[in-house]
Amino acid sequence: NPISNLIDNSINKEGRKSNQMIPTPPPSTTPQEPIIEDSPSHPIIMKKSPMIHNQIPIQPLTTTSTSSINTNTSIPPSIITSYLLPANVVCLPRTNQIDALLTIIRDKATARGDFIFHSDRIIRLLVEEGNEFKGIGFKGQICGVSIMRAGEAMEQGLRECCRSVRIGKILIQRDEETAQPKLPPDIESRYVLLLDPMLATGGSAIKAIEVLLSNGVAEEKILFLNLLAAPEGVTAVTSKFSKLKIITAFIDEGLDDKKYIVPGLGDFDLE
């Protein structure tokens with residue numbers, strides 16, 4: 001009788017049969033780890049799955065333990081860890097669109113024209129995420145400031161979202177101690193979208209932010225936009241400046257011994 005399979009016929013303490021239905025265990029509410037799989041063009045592609053709020057799963061550069069590996073065979077042999085984002089850091093939501101765009105621009109076989117096109121699409125998403133509204137209007141006037149030279153590659157994406165926007169520039173020398181700014185004269189009254197596609201160590205970004213502050217820009221009016229960020233750079237910037245906001249498309253694994261972002265996407269230059 002199939003119904004008998006649902007009945008517990010064990011003897012209770014009083015020696016009587018306890019004819020009770022076996023309760024079905026409730027479904028687990030523990031957040032699942034995102035599944036990460038290898039790709040010939042993008043070593044980290046995330047499938048959609050529940051995630052802990054404000055955490056971006058990343059893979060460590062090296063590991064010898066496999067105790068935390070998901071049993072799914074598509075998982076590479078490494079531990080999946082998490083980098084807890086600071087409160088003032090926003091990472092674009094994981095979507096098929098973002099994953100596809102990042103996959104294309106990371107691929108070394110991508111043609112220059114395709115790299116420019118798909119990079120501009122990500123930049124527009126970053127700009128749209130950075131624009132804040134109050135009611136039905138902008139909270140205030142904005143301007144863009146690019147950290148030369150790579151930051152200039154993001155200017156077109158900004159102009160496509162904000163027509164006739166004013167744009168300034170900051171040239172940071174290699175020693176990250178000398179800066180040559182060319183900024184709008186009324187920059188202290190504006191929200192500033194600081195543009196640099198790669199946040200690696202954070203040295204250039206910190207110097208650029210110091211230049212903006214010295215020119216009267218309120219820290220809470222600075223929004224730092226980048227396509228990729230390393231945890232080391234995020235930590236360096238946010239530990240020094242807690243009121244600004246960082247908006248990035250992806251948090252990568254980290255830096256290698258040469259201070260390059262891993263896996264990164266090479267030198268970012270749209271010219």
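Here the Cβ of each residue, glycine as well, is placed from N, Cα and C on the backbone.
If you look up TrEMBL, you'll see 1-41 marked as region 'Disordered'. According to TrEMBL, the compositional bias 'Polar residues' annotation covers 1-10. If you look up TrEMBL, you'll see 133-268 marked as domain 'Phosphoribosyltransferase'.
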Using DSSP three-state counts, the residues of the domain 'Phosphoribosyltransferase' (133-268) come to 40 helix, 48 strand, 48 coil
The predicted model's mean pLDDT over the domain 'Phosphoribosyltransferase' (133-268) is 90
